[in-house]
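S.K.: Below is a structure I'd like to ask you about.
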Amino acid sequence: MKKVLLSAAMATAFFGMAAANAADTNVGGGQVNFFGKVTDVSCTVSVNGQGSDANVYLSPVTLTEVKAAAADTYLKPKSFTIDVSDCQAADGTKQDDVSKLGVNWTGGNLLAGATAKQQGYLANTEAAGAQNIQLVLSTDNATALTNKIIPGDSTQPKAAGDASAVQDGARFTYYVGYATSTPTTVTTGVVNSYATYEITYQ
């Protein structure tokens, strides 16, 4: 859904630029960023059964629950799964050693200026949403966030793949939940964010 809307918006933007150029050929310019990668192994990936891109919906957390918890407590963690299967090399050779599979969190909407325990916190993308509360990834649901994931950090904890859950592949289970370093300053509203990942075979 988001990709379709973005494509429609881009088409509109380019159409508007073409119309302007008909009247004035010197109207400025800009930069378009493209991202890609060449790999020697490809796999089928499904997050919560939705494909490689997905939405994960958390249960709401109340202000009472937030303010009753200590700072940086993991609140209402929600589990989600990443299934990886049918890996093949560039020449079509099946790559079926699931012990080589892994998930690496590469980035996201990280909280700007984060220090200490806030490292890895994913900032709210909704400017008019809840304030002073973030989302956090982890490999478990422990309230102490002992296995917090910092996207982009090479030392991030890794979820173990469950080969019994996916044919010719493995299932990786992760959690996402709320956290805040300042519980008393949190306000009500929507909390949305995102993180990016890549599948590794090594």
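In case you wondered, yes, glycine gets a Cβ from its N, Cα and C as well.
Sharing the feature lines straight out of Swiss-Prot:
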- 1-22: signal peptide (SIGNAL)
- C43-C87: disulfide bond (DISULFID)
S.K.: Would you identify the secondary structure of C87 (disulfide bond) according to DSSP, in three states?
M.R.: strand
S.K.: Select the most exposed residue of C43, C87, where exposure means the fewest other Cβ atoms within 10 Å, treating these as the disulfide-bonded residues.
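M.R.: Result for the disulfide-bonded residues C43, C87: minimum number of other Cβ atoms within 10 Å at C43.
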